[in-house]
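Sharing a structure with you now.
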Amino acid sequence: MKELIWRDRWSRFVDGGKPYLGVLFLQLGYAFNGIIVKSALNKGLNPCTFSVYRNIYAVIVFGPFALYFERKLRPHMTLSVFLKIMLLAQLEPVMDQILYYTGMKYTTATFAIAMCNILPALTFFMAWIFRLEKVNIRRLHSQGKIIGTLVTVGGAMVMTFINGPPIPLPWTKVTRVHHHHHPLPPATPSSDHHFKGALMITAGCVFWAGFYILQAVTLKKYPAQLSLTTLICMMGALQGSVMTLVIEKGKKGIWSINWDTKLFATLYSGIVRSGASYYISGLVMKKKGPFFVTAFNPLGMVIVVIVSSFTLGEQMDLGRVIGALIIVLGLYLIIWGKSKDSTLSDSRNDELGIVDLNPTQEKNHNGISKSEIVDGEASTDESRDKDRVRERCKVDEIDIGRPHLHYRVVIDVGDVKGYNQERIVIDGISTYKDKDRINICGDWNRLSLKQLWKTC
């Protein structure tokens, strides 16, 4: 039993770190994507055809994996889910990318990068409106999430617009005339074009935030992440092709791509920025919500600065360092607030006598899973869940005590990875108000001993 508990604690530690590794990978992918695509745009890559090609490559790469690995897990397609997928394809793969990169042409790259950092704030308030993010202004952890979001966005702005004196590093060349230094080559667009570009970039960020919100909603009805990613990219390629034919009517030359930087940019962006990004963000959303995915977006600026310092020899100035530290402080507040959300949720479950084996399981308005054990019987809304619960779990030795219900739960974890047909017996005490009821939430995909009381 001790070995089993140790393995479960290690498993929970690894599971807890996966969302952070996921968002870190996303920001690394975004950072390199920005550098690669910017180089391709400078060499004549059309933003519209870029959107089409990258989604086609994503379908080619991720489609076979979705067909094979999710052939038995893929839910039935409904009209509601199909319409959501069509809207998802229009929001980010088409509208966001076309508006963002076209807006960059009308303004400057520095301005576009700075505007993109409003994404966490937009996503946070959208998630708040649609009740995908828990916010209680009177609670300290909710205040921490709000303040952390504003601090993170502010740090990104500091990194972009404030330079300061250069910091000499062994691998960079420091220029003495630093007062006229800009992170990227300056551009002087006309005021009309600048205003038009600003509107395009802002609209693109709104579409991007809306994409994350709708993706989180769609995953509840269609939880097959690989299949959802493939379908989004497929519909994005179709819709993008139609839009490109309308916008760039008669320009056949924009569809030609040779063996050069433009081909590499579309391949990289399709595999990493579209396919892998949508899939990983979906996995993270299931555990942490859409706001958590975008909260780390300003971290991409820090990565770009560090990578540029080593690879391109760009100098590091004091403004960038201060901005990076501000971003780290904001991210700490956000992570702290999110961790308190999880702690409060677990405490509430303990008070209700709920044993949660899968926090992502769909629950009713009271926060209780559809599957529960009542007097040794499985009570659920769906017959297949009822059969699954009866097959996997037994409750015996039920005795109405004073003032608690004493019980023993025997859980079969034979097909849980790493447990090798073992059975676990947990003795506990329920403080649930209804003394003849035991609630066991989850679909038996994973085991969390943390919420099975500390009597083990």
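In case you wondered, yes, glycine gets a Cβ from its N, Cα and C as well.
No curator has checked TrEMBL annotations; they are predicted automatically.
For 20-40, 52-69, 106-130, 142-162, 195-214, 226-247, 267-284, 291-312, 318-337, the entry in TrEMBL reads transmembrane segment. Per TrEMBL, the feature domain 'EamA' maps to 20-159, 196-335. What TrEMBL records for 363-388 is region 'Disordered'.
I would like each feature placed in context: is it buried or exposed, what are its neighbours, and how far apart are things?
Distant neighbours of the transmembrane segment (20-40): 50, 101, 109, 113, 261-262, 264-266, 268-269, 272-273, 276-277, 280-281, 283-284, 292-293, 295-297, 299-300, 303-304, 307-308; these residues of the same chain sit at least 6 beyond its ends, with a Cβ under 8 Å from one of its Cβ atoms.
Sequence-distant neighbours of the transmembrane segment (226-247) (same chain, 6+ residues past either end, Cβ-Cβ under 8 Å): 46, 48-49, 51-52, 55-56, 58-59, 62-63, 65-66, 69-70, 74, 85-86, 88-90, 92-94, 98, 215, 218-219, 254, 270, 274-275, 278-279, 282.
If you look at the transmembrane segment (291-312), the same-chain residues 6 or more away from its ends with a CB under 8 A from one of its CBs are 19, 23-24, 26-28, 30-32, 34-35, 113, 116-117, 119-120, 123-124, 127, 132-133, 145, 148-149, 152-153, 155-156, 159-160, 169, 171-172, 209, 212, 281, 284-285, 320, 323-324, 327, 330-331, 334, 338.
Long-range neighbours of the transmembrane segment (318-337) within the same chain, counting only residues 6 or more positions beyond its ends whose Cβ lies under 8 Å from a Cβ of the stretch, are 141-145, 147-167, 183, 292, 295-296, 298-299, 301-302, 305.
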Within the same chain, where does the transmembrane segment (195-214) have neighbours whose Cβ lies under 8 angstroms from its own Cβ atoms, ignoring anything closer than 6 residues to its ends? I mean 6 or more beyond.
84, 87-88, 91-92, 95-100, 102-107, 111-112, 115-116, 118-119, 122-123, 126-127, 130, 132, 189, 281, 285, 290, 293-294
